Amino acid sequence: MQNSANSEKNNNHGSVLGATCMCFAYIMWGLTPLYTQFMEDIPFAEVVTHRILWSLPGIFFAVAYFSKNLSSLKSTIKNTRVLSMLVLSTTLLACHWGVFVYALLSKRGFETSLSFFITPILSIAMGAIILKERLNRLQIVATLLTGGALAIMTIYNGMPLLSVGIAITWSGYCFTRKTIKADSNIGFLVEMLILAIPALFYTFWLLVKGNAYFLKSFPDTAFLMGYGIINSLVFCVFSYGIKKTRLSTVGIMEYIAPIMILANTTLILKQPINRVDVIVFIIVFVSMLIYMMPTVLGDRK
């Protein structure tokens, strides 16, 4: 009895600590627009490049510590089919980061935030179209509402290409990763190693041409390095937290970041937002509540 009570107490403690770590990670990601303002003069490609390079050491540590199975790294790389699929997922991840960073540096905070809300709905649509998955009524309603919101925005403000671009690349990435038979952490490390190769060449090319912001001045160099290092530290915290937190809790907490991105860009950075944007956001937000309803009700049961 006492051992059972102690075990339950430890599980509760781990769950609280895990949720705290997850909350911290999402808050840090929500603060990204404030950080990228210090790099607004730097081309987005160079920002993405240094995010990759300076994230790699921390990600390697996180994978080595949390996965405890680096021996499978060699077998993953040797598997031609798995490696080719990881190259595809790496391409999608690079595109996602590129569009995401470009949106932030272009002061398109609303579209960046909106993309996080339409991504789950887009994933549902992809599952229905590609995998022929059957949708329940709530999923159909959520999908139709999101589609209607995007139609309204397209008619009045033009197609939200950045929102759709961020959502499509991330949904495509997640869909591709689900088909790869490899440990998720090891797979992510392989992706980062693949990305590091062109990132190093691009950085070297910029330095030779004299067009690099890296090493040009101390502030630019510090912010570029810091962006990658901070991301790697947040990834370490996230990797720990997600193993200790229930998926239903994760599903709810993941919206902390986009809400903070919207708040930071509109309230602090004073980026413009019009009436149509507000209407679209409300519709998409309602669709997300409908989408999450089964998860929340099921968790309570």
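Here, residue 1 is simply the first one shown, and the rest follow in order.
Cβ atoms here come from the backbone N, Cα and C positions, even for glycine.
Annotation source TrEMBL lists transmembrane segment at 12-32, 52-70, 82-102, 114-131, 138-155, 161-176, 188-207, 222-240, 252-273, 279-297. What TrEMBL lists as domain 'EamA' is 17-154, 161-291.
The average pLDDT the prediction assigns to the domain 'EamA' (17-154) is 88. Shown for the domain 'EamA' (17-154): DSSP residue counts in helix, strand and coil, namely 120 helix, 0 strand, 18 coil. As a summary of secondary structure, the domain 'EamA' (161-291) carries 108 helix, 0 strand, 23 coil according to DSSP.
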